[in-house]
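Going by TrEMBL, these are the annotated features:
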type     : residues  : note
COMPBIAS : A:11-43   : compositional bias 'Low complexity'
DOMAIN   : A:115-330 : domain 'ABC transmembrane type-1'
REGION   : A:1-48    : region 'Disordered'
TRANSMEM : A:57-84   : transmembrane segment
TRANSMEM : A:121-140 : transmembrane segment
TRANSMEM : A:152-172 : transmembrane segment
TRANSMEM : A:201-224 : transmembrane segment
TRANSMEM : A:262-282 : transmembrane segment
TRANSMEM : A:309-330 : transmembrane segment
C-alpha cells in the first residue's frame, strides 16, 4: 500500500490531466483517417504509421486490460451488487436485503465513530504534516553538506512497511515500553501515559505515528516542487530588497501551490483509506474503544472477520462513495486551478 | 551526530562555493535537520538495538542500551527457518509482481502513447480511473474473486491483483515517458524497414528503461510491504509473506519482546537495502513526476 500512495503523486496530477485529455480526444477523433491535424493535445504526431492495426493493439493492451478488468473493475462492480445481499460468502447470494445493509451501516454508531475518526485524521494530517513538511523543505532547499543523506534518512520511515512500523511503535508505546522508560530516565515519569489505550490520547498517538511515517514523503515532494522553481525569481526579489521570509511567502509558496494541492489530495485519500497502521497497532477490536477505528477497519471487522461478506461489500461501497465524492469535490474546486494556468491567476490572491 | 554539528560550524565557508542562493541561518538548517533525523531514526534504532537485548533488560529499562550485545535473538530468528520461508515468499511475490507490472504496463503504455485508434482516450481514462479504487475499497470483493478462481492460499492470488492495482500508476508514469520519444527516431526506424512491433522491441524497450526502473522499484517496494491483500488471501503460515510473518511472530511470541524486535529488525533490512540502493531512482522518479 505504501508505494501505491507514493506513486499517485503523478497519478493525482495525471489523473486530472488524463480526464481532461480523455475529454478532448474523442471530440476530435484521430481515428482511422489518421490526419495529423487532429492531434492538438498529443503534440505533433506526423509519423507514417498512424493507422493502427487492431491486432497489434489487442495484443499489446489485451493482457493488461484483462488483468485490470478482472482484478480491479470487476470486484468494484460486484461489490456494489453483493452490497444488496445478506451473504456469508458461500454459494450464490440469494437473500436480497435491498438497502438494509446501507441503512444499518449509516445508523450504526460504531460506523459513525469510525467516520468521525477518519475525518479527524484527515484534518489533523493536513494541519500537522503540511506546515511541518513545508518548513522542512524550505529549510533543506539549499546547498547543505550531506543533503542527499539527509533526504534519504528523512525518507526512511516511509519505505518501512506499515507492519514493521506498527509492531515497532506498539512495543515502544505500550505502558511499560521504551517511550515511558525514556521519560522515566529523563525524570519525567509523571508524564508517562497509556499512549495506546487511553481513548483521550490514542488518536493523537496515531497522528504522531502517521506524521512520522508519511512526512518524509511530503518533504521529498515539496523539495522536488521547490527545485522546479527558477532560482532567478528569488534572486531578482532579493536584489530588489525582499527579505528571506518575504521571498518564501510571496514567491516560493504560491509557486509551490500545485505541488501542495496534489500532496493534500493524496493525504486526504490516504486518510480516508487508512487501515494497516490502525489494524496492526490496535487490532480489530481495541481500535473502536481506543477511539482510533477507521471505516476500513470497521469494514474488515464487520465484513470478513464477522463472516458477513454482503455487509462488508456494502461498507466498501460506502467507503468508496465517500472517497469519490470528496475526491471529485476537491478536483472540481481546488485541483482545477492547476489545470488553468496556476501562475497567472494567483499573483493577486496570495 | 556530533559530526553533523561540527559540519554546521563549517557551513558558512562552503556556502558561497557554488550556490548564489542567499539563505540565512544555515547552522539552524543543520540543527533542525539533525533533530528531525534523530526523531525519524530513533524508533528504527530502538527496534534494531532492542533485538540485541534480553527480555529482563527490556522490562527493567526499556529505553536503555544493551549491557552485553547478545546476538542470540538474531541468531534464533535467522536459523529458525520461518523467517527464510517468509523471505522467499515475499521475494517471489515481489519479483513476479514487478515483472508482471513492467511487462504488461509497458506494452499497454506503448499502445496508449504511440498508436492512434478509436477508443484510445477511453482506454486511457479507464486505466486512470483505476487510481480511484485503492485496494482497501476493493478488498472484500477482490477476496471473493480470488476465491472463486481457486487462488486462495497461493502466491498467485496475491500477485495477480497486485499487478492489476499497480497498472494504473505504471501506465500513467510510462505513457508520457514513451510519448516523449522523438517521432524522428520512430520515422527513421520505420524508413529502415522496422515494423511497429520491431520498433517496440528494438527502440522503445531500451529507451524506456529509466521509466521502467522507477515504476519497477515502486511496484517492488509496494509489494514487499503489502499487508491487506496477503491478510485476506494467505491463511496458511507456510505461505505467509514477511509482513504477515512479522505480525504472526509478534503475537506468537508476545512475551518474548526481544525476539520480536529482532524479527522485526531483520524484516525491514531488505526494504532498507533496496531503498538505499535505488534511492536516487525513487526520489528522482517522484521529483520528475511532480515537475512533469
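Sequential numbering from 1, following the chain as shown.
Including glycine, each Cβ sits where the backbone N, Cα and C put it.
Automatic prediction, not curation, is the source of TrEMBL annotations.
As the structure is a computational prediction, the values presented were derived from the model and not from experiment.
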With Cβ-Cβ distances below 8 Å as the criterion, list the same-chain residues six or more beyond the ends of the transmembrane segment (A:121-140) that contact it, or say none.
147, 150-151, 154, 203, 206-207, 210-211, 214-215, 218-219, 221-223, 225-226, 248, 252-253, 256, 260, 263-264, 267-268, 270-272, 274, 294
Would you call the transmembrane segment (A:262-282) and the transmembrane segment (A:152-172) in contact, using three or more Cβ pairs under 8 Å, pairs 6 or more apart in sequence?
yes
With pairs 6 or more apart in sequence, are the transmembrane segment (A:152-172) and the transmembrane segment (A:57-84) linked by at least 3 Cβ pairs under 8 Å?
no
